[in-house]
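K.L.:
One structure is given below, represented as structure tokens, and several questions about it will come after.
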Amino acid sequence: GGASLLLLDCRPHELFESSHIETAINLAIPGLMLRRLRKGNLPIRSIIPNHADKERFATRCKAATVLLYDEATAEWQPEPGAPASVLGLLLQKLRDDGCQAYYLQGGFNKFQTEYSEHCETNVDSSSSPSSSPPTSVLGLGGLRISSDCSDGESDRELPSSATESDGSPVPSSQPAFPVQILPYLYLGCAKDSTNLDVLGKYGIKYILNVTPNLPNAFEHGGEFTYKQIPISDHWSQNLSQFFPEAISFIGRCCVLGRGVWVHQGVCRTLGGAPA
């Protein structure tokens, strides 16, 4: 009954790319967005990366039966006080929004074993015993940003022992910054955005400042082009409203072949790509 069924795949993006149930929409949620989704200020539609899938979800989520699946959940029961899984959180939010939502018992593993003819598999993405483990989207799955700077706010939700959205510990080793996200696109901290040697080393000419109050250090010199988006580091901030503006700035610079530096002023754990 594909016409009356809307499938949502709650697994990490690389697993979805490797193999998924046909017609499914992927909902891979970074840890930061998971917290905002839990607080209720982030609609599910905003975390669907593909525009066509976003529209398909918006037009069908209330009319169709929504079926979610993860890797292997056999039974889910909401328990007061227990940390919600991604599957459980999405299931509850969909039901609260008036959707007729269910989950697939046994998850993708069980379904693929019994109905492989209804699964789409990307041979190039499938892992083999000799291949290295799949990396997270854009290679930022375990990224943890460390900075001396602060914009005066904190998330106030970070646990004493940081974990990824799937409950696994975040690696304790800190990567060197800046981190290259894509060709010409770098993620760094506010402190390094004022270091001319660092900016020159990476060919940075455009700087996206995503803080409400940190200055654009070289704005009046004419050498750098700035875009400042006043995003507060708080769960109540709706990040999705700023995506088009930020993506437009980054895209324009990358087309020109210029280095772009994205910086914020606070310590933050990212469970996935920042945009």
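Glycine residues also receive a Cβ, built from the backbone N, Cα and C atoms like all the rest.
Predicted automatically and left uncurated, TrEMBL annotations should be read as such.
TrEMBL feature annotations, pasted as is:
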type     : residues : note
DOMAIN   : 1-120    : domain 'Rhodanese'
REGION   : 149-173  : region 'Disordered'
COMPBIAS : 160-173  : compositional bias 'Polar residues'
K.L.:
Would you mind giving the whole-number mean pLDDT across the domain 'Rhodanese' (1-120)?
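P.N.:
Looking only at the domain 'Rhodanese' (1-120), pLDDT averages out to 86.
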K.L.:
With DSSP helix as H/G/I and strand as E/B, how many residues of the domain 'Rhodanese' (1-120) fall in helix, strand and coil?
P.N.:
54 helix, 21 strand, 45 coil
